[in-house]
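*Asks:* Okay, handing you the structure first.
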Amino acid sequence: MPEEDVVDQKRYFEESCKPKCVKPLLEYQACVKRIQDDESGHKHCTGQYFDYWHCVDKCVSV
């Protein structure tokens, strides 16, 4: 099978679920923007990042 015919199923399903997870994505992006100038390194958006990927994972598993 030629390589151009190979489709990464994981990526396909994740991409198809991203529109259903817009709210957590926007929350993550807003957090990243908010802490962009933090020089201390103590602020992070880990919670928002995991909330977004939890939404995508939940959608993919259905």
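A Cβ is built for glycine as well, from the same backbone N, Cα and C atoms used for every other residue.
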*Asks:* Taking C31 as one end of a disulfide recorded in Swiss-Prot, give the other end from among C17, C21, C45.
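*Replies:* Swiss-Prot annotates a disulfide bond between C31 and C45.
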*Asks:* With every protein chain in view, how many other Cβ atoms are within 10 Å of the Cβ of C31 (disulfide bond)?
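*Replies:* Result for C31 (disulfide bond): 17 other Cβ atoms within 10 Å.
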*Asks:* What is the Cβ neighbour count of C59 (disulfide bond) at a 10 Å cut-off, with all protein chains included?
*Replies:* 16
*Asks:* Whole-number Å distance between the CA of C17 (disulfide bond) and the CA of C45 (disulfide bond)?
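*Replies:* A Cα-Cα distance of 21 Å.
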